[in-house]
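Asks: Below you'll find the structure I mean.
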Amino acid sequence: MVPIRPCLLARHAPEGPDRRALDHAGGPERRRGKGAAPDGRPVTVSERLSSDLNGWRFSVAPMMDWTDRHCRAFHRVLSRRARLYTEMVTTGAVLHGPRERLLGFSDREHPVAVQLGGSNPGDLAAAARIAEEYGYDEINLNVGCPSDRVQEGRFGACLMREPALVGDCVAAMKAAVSVPVTVKCRIGVDNQDAETALDCLADTVVRAGADGLVVHARKAWLQGLSPKENRDVPPLDYGRVVRLKRARPDLPIAVNGGIATVAQARAHLDAVDGVMMGRAAYGEPACLIAVDPELFGVPAPVADAFEAIEAYAPYIAEALAGGTRLHSLTRHMLGLFNGRPGARAYRRHLATHGIRAEAGLATLREAVSLVSREMPEAA
């Protein structure tokens, strides 16, 4: 692979209103840097990714239309240690779109990574540099999304067929930023041999300098299956990810796909460095309360879902005061009380009253009052 010439875009923050928003959201002056280990020595990239404190041991997957800044702020209330990811943001959107709306976030979200979508090395380098200036802890390249729209843009899962291009993209981003650069991929696409395809991609991105690989343990079928079907229909092959890790012990590897409980996550950690949970973390967010004690050995930040509501309330109040509608905040909390008596009434109240322009914290607390604090006895 011929190394790509580093992008020469000047390192500067956006001017005007974007500059002020950048400062508020966590700009260059708030970048985390490399930090130090407990003994005072500098922490290496691999240590940052695989350490229990701020690495990949557990993360919540990037999910389009779901993991926006309000969702991430809520998830941070439930776990201080989980690594959070943005929705995928295309390079075109970063370079030419409403930057603060796409990239702005609160300092409370750390550790937080941005996922970029694109296949032009120069554009990815420029977008990665901008994301680093916003204060993100990691830049992740999407090589796993199977949607038709993404394929038309020549990025996402279709890049599994072009490992050399992925390597060029990673090399360009590595030359542009100092934070870790990682890749999220599938085990293969369509009729590719999963052994050969994943090995080839892994070898290429490692040579390009990638700091880690998140592997969704399914193939992606680019024709004949919808993105939703691609999350369920192709069979899971966790063994393939384990074999990859055994063959590359020095490469931080996290597994993704079909992981529904913290207990399942803990079991995977016997074989890989990290676990990325997707839909279960969104649909059953209360499960995240167990992440810190079960996976990191530290107390949970909140005792239960009711305490989580109160911990999130100041953020809600601040967002409402800034013009955000309540529904934009509570839509990420609809599954919080699943399994408790009154959970359906809670969801119904938010669905009918939370969308009103005047809806506020009182509306949320009315919904919560419909939920029983007593859990039903197990059968």
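Just so it is clear, glycine is given a Cβ too, placed from its N, Cα and C backbone atoms.
The feature compositional bias 'Basic and acidic residues' is assigned by TrEMBL to 13-30. The annotation region 'Disordered' is assigned in TrEMBL to 13-45. If you look up TrEMBL, you'll see 60-366 marked as domain 'DUS-like FMN-binding'. Annotation source TrEMBL lists FMN binding site at Pro62, Met63, Met64, Gln115, Lys184, His216, Asn256, Gly257, Gly258, Gly278, Arg279. What TrEMBL lists as site 'Interacts with tRNA' is Asn142, Lys228, Arg231, Arg344, Arg347. According to TrEMBL, the feature active site, proton donor maps to Cys145.
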Asks: Which of the listed recorded positions (Lys228, Arg231, Arg279) has the least company, meaning the fewest other Cβ atoms within 10 Å of its Cβ?
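Replies: Counting other Cβ atoms within 10 Å of each of the recorded positions Lys228, Arg231, Arg279, the minimum falls on Lys228.
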Asks: Can you tell which of Pro62, Gly258 has the least company, meaning the fewest other C-beta atoms within 10 angstroms of its C-beta, among these binding-site residues?
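Replies: Counting other Cβ atoms within 10 Å of each of the binding-site residues Pro62, Gly258 gives the minimum at Gly258.
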Asks: Counting across all protein chains present, how many other Cβ atoms fall within 10 Å of the Cβ of Arg347 (site 'Interacts with tRNA')?
Replies: 21
Asks: Check the domain 'DUS-like FMN-binding' (60-366) for me and report the mean pLDDT.
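Replies: Averaged over the domain 'DUS-like FMN-binding' (60-366), per-residue pLDDT gives 95.
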Asks: Enumerate same-chain residues with a sequence separation of six or more from Asn256 (FMN binding site) and a Cβ-Cβ distance below 8 A; give 'none' if the list is empty.
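Replies: Sequence-distant Cβ neighbours: Ala61, Lys184, Val214, Val215, His216, Ala217, Val275, Met276, Met277, Gly278.
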Asks: Are there residues of the same chain, six or more positions away from the residue listed as 'active site, proton donor', whose CB falls under 8 angstroms from its CB, and which are they?
Replies: Met64, Met88, Gly117, Phe155, Gly156, Ala157, Pro227
Asks: Relative to the Cβ position of Arg344 (site 'Interacts with tRNA'), how many further Cβ atoms are located within 10 Å?
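Replies: Cβ-Cβ neighbours of Arg344 (site 'Interacts with tRNA') within 10 Å number 13.
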Asks: With every protein chain in view, what's the tally of Cβ atoms within 10 Å of the Cβ of Asn142 (site 'Interacts with tRNA'), excluding that atom itself?
Replies: 22
Asks: Could you tally the C-beta atoms, other than its own, that fall within 10 angstroms of the C-beta of Lys184 (FMN binding site)?
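Replies: Within a 10 Å radius of the Cβ of Lys184 (FMN binding site) lie 25 other Cβ atoms.
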Asks: From the Cα of Arg279 (FMN binding site) across to the Cα of Lys228 (site 'Interacts with tRNA'), what is the distance in angstrom?
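Replies: Rounded to a whole number, the Cα-Cα distance is 11 Å.
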Asks: How big is the Cα-to-Cα gap, in Å, between Asn142 (site 'Interacts with tRNA') and Arg344 (site 'Interacts with tRNA')?
Replies: 35
